[in-house]
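Heads up: the structure comes next, in structure tokens.
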Amino acid sequence: MPSVTQAVEDYLKAIWRLSHEGGERVSVGDIASELKVSAPSVTSMVRKLKTMRLLNYERYGGVTLTPRGRKIALEIVRHHRLWELYLYMRLGVPLELVDGEAERLEHVLSDDMEELLTRNLGDPTHDPHGDPIPSKTGALAPVEGIALGQLETGTHAIVARVSDRNPEKLRYLVSLGLLPGARIEVEEKAPFRGPLTVRIGGRRHVVGADLANLVIVRGAPAASRSKGARLGPGVPPRSGKPRGKRR
């Protein structure tokens, strides 16, 4: 059987992510858009992965991962999210940059190094964006909550997750203090998908509807509503001083 190369891992992770976000079956076109490659290239790789028994594929029927393919994908996702957390917490890499850096590191993590990384981070359960880190056995906790844009005026909440899909938008959300663990209050909500006015750490900010939908929140306990921002669940304290934007 052909070896599992970096390209194979990239495809499996992309298929897992698409199926995790939008449904079990994934189209060739969706994979091409995700990886920024041509549809014929995807079709060729999908056929190869089918012969490796890493996915199921039927023409016009979409792609699904086999149990072995899903196991490999989740292993890479685990590596990726551990590296993201290490880069953010230990090296001070800005949150909007850790995803790109982790993409290059996720393929070069041995079992021994993974164990050291996990121990150094205190056996974390979530990455710095609030996404759950798969366990070594492939177990993955769900992301609970609703989009910030769904909250009504007067609602208190805690940020559970921020999307890492767009670095520029993520940078702006970070500048507002919309980080996992931040406590917020919706002070005003304009009608017809208008912007929200939210209070974060004592400051008021106006957040557009599209940006608000990139933030997942959960209910805030009454006793915690007056406190400032903190790190999300399963995220250890950040060591050292955060770095500024890279040049």
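Glycine too: its Cβ is placed from the backbone N, Cα and C atoms.
Those TrEMBL annotations? Automatic predictions, nothing curated.
Quick look at what TrEMBL annotates:
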DOMAIN    1-66  domain 'HTH dtxR-type'
REGION    223-247  region 'Disordered'
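Helix, strand and coil residue tallies for the domain 'HTH dtxR-type' (1-66), in that order: 38 helix, 9 strand, 19 coil [DSSP]. Within the model, the domain 'HTH dtxR-type' (1-66) shows a mean pLDDT value of 93, rounded to a whole number.
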